[in-house]
């Protein structure tokens, strides 16, 4: 059990690379926390482009894929369900905005899973995954994160950030395009799949 907890703690510290320390993460709200993870995803891709020999990047790209998958699953467990009622863009209510976000997660995970299964990885498939990723990050930032800044107080943002970090212990870090696209089903599905995978690793 101790080894299992230590492995989980190690994975959490690795996954939250953009936030320097656990103490500093306590003062970072959910919006800035998610944006910091988005920045890390984009920055990694920019680094990939600078390396001529793709075979030297295999491990790092697989870590990047795990990071993206875990990020999306954490959102579905601990972020999307909590902020749905705060969203309304005049055309779609919060439920439809969140449903669209989850649909985009599944589409992205489809491309990431194809990439994971390649050996060696192909730059063409990386670009397909990045196109999906960048589209989703831009849309999530404009339709969800930016509008929430004026709607969520600091205390609630800090609470959501801590719940988001804790969700890293429950969520899967593998692409799962087969999961449901329904907002009411995805939180528990993600928890079940993630815990089952961690149990297998243990």
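Just so it is clear, glycine is given a Cβ too, placed from its N, Cα and C backbone atoms.
Within the set 135-168, 169-202, the record from TrEMBL flags 169-202 under the feature region 'Disordered'.
Applying DSSP to the region 'Disordered' (169-202) sorts its residues as follows: 17 helix, 0 strand, 17 coil.
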